[in-house]
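Per TrEMBL, these features apply:
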- Glu101: active site, nucleophile (ACT_SITE)
- Glu105: active site, proton donor (ACT_SITE)
- 22-215: domain 'GH16' (DOMAIN)
- 1-26: signal peptide (SIGNAL)
Amino acid sequence: MATFYHVRNASVLFLWVLISAGCVWGRPVTFLQDFRVTWADSHITRIDQGRAIQLRLDKNSGCGFASKKKYMFGRVSMKIKLVPGDSAGTLKSDKDNVRDELDFEFLGNRAGQPYTVQTNIYVHGKGDREQRINLWFDPSADFHTYSILWNHHHIVFYVDDFPIRVYKNNEGRGVPYPKMQAMGVYSSLWDGDKWATRGGLEKIDWSKAPFYADFKEFDIEGCEVPGAANCASNPRNWWEGPAYQALNAIEARRYRWVRMNHVIYDYCRDKSRDPITPPECLAAI
């Protein structure tokens with residue numbers, strides 16, 4: 001799911017939703033129910049009896065957390081409030097070279113300019129499927145919901161109720177699709193100013209540290225791994241239902257609006273990097 005930061009003090013925070021390899025029914029939970037600190041516990045503050053957390057980045061350290069369990073298919077969402085001002089952020093995986101991974105990466109902004117969100121998809125260890133959009137609101141002014149839906153039909157990245165990216169299951173056309181590995185949810189806040197914002201041109205102003213990113217309303221709905229053997233293949237899971245097999249009319253209209261007005265980079269169109277169009281792009285994904 002998402003990454004956060006602060007600027008010219010380019011702090012970097014990234015929330016990365018990885019669904020790689022009994023059903024879990026979604027409900028907003030406290031942080032410690034579904035998550036654990038992965039590093040720098042001193043830089044993560046529990047708020048509102050653990051229903052929210054605040055991540056801190058200073059010159060000494062960033063911090064990170066991850067889900068306690070892994071899941072096959074489902075949906076993960078969180079509300080996140082970014083750090084105001086110039087910023088930089090990113091996502092990263094610590095899995096092996098055959099990992100599956102779904103990334104939300106916040107690449108930061110210059111003061112007065114839109115915030116940039118990058119998504120990426122790794123399947124069977126192959127990534128390089130970056131797309132970037134400029135957000136149409138200030139994500140540091142209030143909380144917004146960042147979600148990923150993953151089922152047998154498609155993967156959809158959402159910002160609030162707006163789909164910003166769709167990756168369809170086109171295995172029948174020879175396009176790889178993640179469905180063999182369970183995934184966990186990971187997030188970090190760290191210094192990524194060497195490359196994240198404007199290719200590393202924006203640097204952190206440490207005089208404005210510490211930098212903070214806020215998270216709340218943690219919600220994971222999916223099949224736990226290990227868990228019930230038939231959960232992931234059960235067509236009665238709500239996320240596999242007809243309403244979630246394709247975008248509805250309102251979502252499709254919002255998706256077209258995002259693609260027409262806010263996409264600033266799409267690997268499918270980058271002929272300098274891929275002279276031969278990737279197969280999933282030919283498949284209209």
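Even glycines carry a Cβ here, placed using N, Cα and C.
Annotations in TrEMBL come from automatic prediction, not curation.
Taking all protein chains in view, 23 other C-beta atoms sit within 10 angstroms of the C-beta of Glu101 (active site, nucleophile). A mean pLDDT of 83 is what the model gives for the domain 'GH16' (22-215).
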